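K.L.:
My questions will all concern the structure given below.
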Amino acid sequence: METVINIGYLVAAVLFILGIKGMTKPKTAVRGNQMSATGMLVAIIAALLDNNVVSYEYIIIGVLIGGAIGAFIAKKVAMTDMPELVAALNGIGGGASLLVASANYLESQKLAEMGQFVPTYDWSIAVILSILIGAVTLTGSFIAVGKLKGKIGDAKQVRLFKWIVKLSLAALLAGAAYFAAVDPVNSDLLIAGLIVLCLILGICLVMPIGGADMPVVVALLNSYSGLAGAAAGFVLGNNGLIITGSLVGASGIILTSIMCKAMNRSLTNVLFGGSMSESSGVSRSENDAFYEGKVKFSSADELAMLLDGAQNVVFVPGYGLAVAQAQHATRELAGMLEKQGAKVKYAIHPVAGRMPGHMNVLLAEAEVPYDQLVEMDAINPEFSQTDVAIVLGANDVVNPAAAEDPNSPIFGMPILDVHHAKTVVVVKRGLSPGFAGIPNELFIRDNSLMVAGDAKKVLQDTISALKDL
Amino acid sequence: MEMFILSLTIFVLAVFVGVEVINKVPPTLHTPLMSGTNAISGIVVVGAIISSGGSEHTTVLSTVLGVAAIALATINIVAGFMVTDRMLNMFKKK
């Protein structure tokens, strides 16, 4: 039986790998996801066959509760809220790993009493690691959700949090050493204390990170949720868990490094540098003075006239598009322009929005064909032939200072070269600075026009103006 | 200790496989990739099932923790796969 179960876990792991492989092309992705789901089913059946499972009623209760909540969330969530959902699921995954490790610890205690289990060093280390990663992922993710929702602002006492982090790490090390070396079996209180400590650690690690850096944090916590699973696998001695956890861990790490590269920052700088607007930002009056009288304001009617004769149009979506839920209006306007014979593309910056690929999902929801979504490196050479570039609620990712001003705090960050287009139309609610907290020179250039307002409203007005022309 | 080395070997090799496969996922699909891996990390349900299966060495507290873990992991599995499917179907239709 043991052999059958282990082969089951192996089959599940292979199905997960093939499933992720399916995700390499949009055409095969749905099937890939179904393969992963099948893999999960195989793994669950294998677990149910385990000798240690003698009663099923509690298992069924847990599955029913979790399944109902999960299905409800998946049906209800709006595409604009995907970053929050993924962050929350990271946290839930971490929480599950934490609970598994704790439950297993209690069982091992009982087994040790019965004389069937002798703790080893590597088991002790695995227990501590799975508690650490699970607990940090749990609380860190929910702080990230709060920051994504804007409920938790950028922390002022960065130093205090760093101090708590250092202190709890030291306490954790001491506790872990005692646990592993002195008494791994009868340490209920110590383990409970370490769990609380790690929960606090998760909060204090994410609190000082700026809201703008949440895409990186969410990707990193995604990785942690996988590693937490792998650590639980080490505790249980279950290879299926180890393989799967490390796949998820690798995925999160890759996305984290892509995000960091796109912001031209190191991971250490993101995690421990504090919020960017805190260190480099300008004050409100400096910001106002920068733009004073230099911005050319325009209207939806003028934008419609401009688009009427345009051949090449590029939309540049940013977080503002998600906030305004303007993806459908964008698609509608694009459709009208295409009917007039214009070529329409969408330029996607890797950190546009609040998570990797966020803009792509929003535009896909509005039925924009994915081959019109062009990555930064491919679209940048095309901006010089672009008649109108429409920036929808993006700011720092189109700031030419990143390419031209060596003194700018964002110098070196790869940007979309919209300033090379014949005309740039910036649709934005106001002139407040973006995440980096600095003014944007693009807005006062000769070839740029500003249409102030909510992206959805402006686009709808443009559509009706275009119809009247 | 041998068991540990074996597990560690599997872990390291699996990380390399993961890096190879995931590097090929295009940026367009990064959001579904994240929600999909959310679902996959629900694999801890395996550990949770074994903990709450009620054999002789489980305690009341360990069963309670196990059932809570099953519920959480199932949220991840169901919500993760369903929402990924929802997103991927948007990419599929033209």
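Placement of Cβ uses the backbone N, Cα and C atoms for every residue, glycine included.
Worth saying up front: this structure is predicted, and the values here are computed from it rather than measured.
Annotations for this protein, taken from TrEMBL, read as follows:
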type	residues	note
DOMAIN	A:6-463	domain 'NADP transhydrogenase beta-like'
TRANSMEM	A:6-23	transmembrane segment
TRANSMEM	A:30-49	transmembrane segment
TRANSMEM	A:55-73	transmembrane segment
TRANSMEM	A:85-105	transmembrane segment
TRANSMEM	A:125-148	transmembrane segment
TRANSMEM	A:160-181	transmembrane segment
TRANSMEM	A:187-209	transmembrane segment
TRANSMEM	A:216-235	transmembrane segment
TRANSMEM	A:241-260	transmembrane segment
K.L.:
Tell me, roughly as an integer, the mean pLDDT over the domain 'NADP transhydrogenase beta-like' (A:6-463).
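P.N.:
Overall, the domain 'NADP transhydrogenase beta-like' (A:6-463) comes to a mean pLDDT of 89.
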K.L.:
With pairs fewer than 6 apart in sequence excluded, do the transmembrane segment (A:216-235) and the transmembrane segment (A:85-105) have three or more C-beta pairs that lie under 8 Å?
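P.N.:
Stretch pair touches.
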K.L.:
Give residue numbers and ranges for long-range contacts of the transmembrane segment (A:125-148): same chain, 6 or more residues beyond its ends, CB-CB under 8 A.
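P.N.:
Tertiary neighbours of the transmembrane segment (A:125-148) are 83-84, 87-88, 90-102, 104-105, 172, 176, 179-180, 184, 191, 194-195, 198-203, 205-207, 209, 211, 214, 217-218, 221, 224-225, 227-228, 231-232, 234-235, 354.
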K.L.:
Give me the stretch from A:6-23, A:55-73, A:160-181, A:241-260 with the greatest number of Cβ pairs under 8 Å to the transmembrane segment (A:30-49).
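P.N.:
Answer is A:6-23, with the largest number of Cβ pairs below 8 Å.
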K.L.:
Look over the recorded stretches A:55-73, A:216-235, A:241-260 and say which has the most C-beta pairs under 8 A to the transmembrane segment (A:6-23).
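P.N.:
If we count Cβ pairs closer than 8 Å to the transmembrane segment (A:6-23), A:241-260 scores highest.
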K.L.:
If we skip the immediate neighbours and take only residues 6+ beyond the ends of the transmembrane segment (A:216-235), which ones have a Cβ under 8 Å from one of its Cβ atoms?
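P.N.:
Long-range Cβ neighbours of the transmembrane segment (A:216-235): 83, 86-87, 89-91, 93-94, 97-98, 100-101, 104, 122-123, 126-127, 129-130, 133-134, 136-137, 140-141, 144, 148, 206, 209, 241-242, 244-253, 255-256, 258-260, 263, 267, 270-271, 354-356.
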